[in-house]
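What TrEMBL lists as transmembrane segment is A:21-38, A:58-76, A:83-105, A:111-130, A:186-204, A:235-258, A:270-297, A:303-322.
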Amino acid sequence: MINIRDKGAEIWETWNRPKRVAFVLISIFFAGLLPFAADWGPTSFLNTPITSFQNVLVYPVGMFILMALGLNIVVGKSGLLDLGYVAFFAIGAYSQAILSTKFGWSTWEVLPVGIVIAMFSGMLLGLPALRLRGDYLAIITLGFGEIVRIIALNSKGTGGPNGVAGIPNPPAVFGFKFDLMHPEHYFWLVLGMILLVVWMIRRFTVRRPGRAWEAIRQDEDVAALMGVNTLVYKLWSFVIGAAVGGAAGVLYASKVMVISPDMFKFDVSVLILACVVFGGIGNIWGVILGAGILAYLPDRIRFISDARQVIFGLVLIIMMNLRPDGLLPRKKREKITEKSKK
Amino acid sequence: MRLEIKDLRVHYGKIEAIKGISVVVNQGEIVTLIGANGAGKTTTLKTISGLRKVSSGAILFDGQDISKVPAHERVDLGISQAPEGRGIFPGMTVLENLEMGKFNRKDRKSEMKEDLDRIYTLFPRLKERTAQAGGTLSGGEQQMLAIGRALMARPKVLLLDEPSMGLAPMMIANIFKIITTINTELGTTILLVEQNAQQALQRAHRAYVLETGKVVKEAKASDLLNDPDVRAAYLGTGAAAH
């Protein structure tokens, strides 16, 4: 099967800088128009039957893409299986919920703090857990996800099973209001964050951390023999992944205004992981596409109600059989490419 | 440079894999550890490079005990290993693999080029394959890459773990020739672990024979080649390299 990602990269390589910048700007422009796609004739088939299309674009689509990008740093780049990623999402969301309702902080004030808290908990989890590998690490992260949810469920400060209500929306910025009437503003906000994360990941990937993660993923022992401080780099990927999850959580809480522990169950972690694997583990464009499809599809086919999850499962099974490396797999280096032959 | 292992003991869980061995490697030497499967050769090398923890005993590098130094810092001290099974990064190109060998050396670009040139002179085959993924190389080329990558860090001592494993006889002869070249022309001290005792003893200055985690013999390599016990146990009649 052809690898669209490699084809795309090949075309990209032939472009000069102005051409690339133009392409990126045009792409961002069209992505920014997405909230209006359901109103425009030719793309109106995108409209979702129950929740409005614009809201679906923010949550789940935008949020899932954001979280999948964050999880991809951990799972895709450095090859660490994290089954408790929802924990960082929850920590971000609860930071926003508590700091805004009890202390009156605005979303913009909470955002950096929520990110730092998520990063700190990522380090707290990573320090003991990252000494273990593979299955053992996966089990510990799974446990961590559950611990966070159960603490939220049983603490007074987090509102117990009822969660926290009355979380304020973010204050307006440059006249852009963030309220129920303006989901497209939320979308642009999430889009901005996605672009920021993509930019950040691309910076990392071409520099030393990217190389270190790549080496660790391919062979951790040999990476250490090359002088890579494996624990530190693994911790970094964990902490950066946590930061993205935390940021998504802060935004999510201020969008939905009510959160409760049952929004942060294990199945969210699994779904985000599915987005990463389905789209193409390790490749940000694949991950974005995968998360976009997996987040959007259940809402698009909501009219068939009960059969919805069955169809969703079938799509996953069929696609993973047809494209086991995901929709847009990471660069395949195991094959001899035309370039290296000469 | 002087590497000295003193009464080293290493455990895998409760099983003692290395039962108090002592090995000395002097500046400029090729020293080989030979022995059968499970004798503890690879474990010894992994312990020197830091992948295995020391239970007791010491690893002295230039007189300093490095047994508590983490693996990634031992590279900076001047200990590089080409691991068993070659351990190249299959998804990285030959060039990227070589660059990984210099991960911690923040040298200027010119030094990187200098090092690459040195490796390419030693292994012209790698230069032809520079943009090719490591996983697509032949076994012999991968071994060259593993050794070349270890040399990128400009090690004082090079640890080689079974470089002949799984290679065709022609390639084995080639690799051993290069090992001598590295020792004589680059002046790199080498600790070589081998099952191919014939070749190893021909190339090395001194040798240790390991049996179930202990050193049972220690002598000049040329003496061991003629030692009747060693001949019977490790070289066999005809002693063909395979």
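Every residue, even glycine, has its Cβ placed from backbone N, Cα and C.
With pairs at least 6 apart in sequence, the transmembrane segment (A:83-105) and the transmembrane segment (A:235-258) have 3 or more Cβ pairs within the 8 Å limit; the two touch. Segment contact holds for the transmembrane segment (A:83-105) and the transmembrane segment (A:58-76), given three or more CB pairs below 8 angstroms at sequence separation of 6 or more. Residues 82, 85, 88-89, 183, 186-187, 190-191, 193-194, 197-198, 201, 204, 213, 237-238, 240-245, 247-248, 251-252, 255-256, 271-273, 275-276, 279, 281-284, 287-288, 290-292, 294-296, 299, 330 of the same chain lie 6+ residues outside the transmembrane segment (A:58-76) yet bring a C-beta within less than 8 angstroms of a C-beta in it.
Listed by sequence, the residues of this chain that lie at least six past the ends of the transmembrane segment (A:303-322) yet keep a Cβ under 8 A from its Cβ atoms are 1, 49-50, 274, 277-278, 294, 297.
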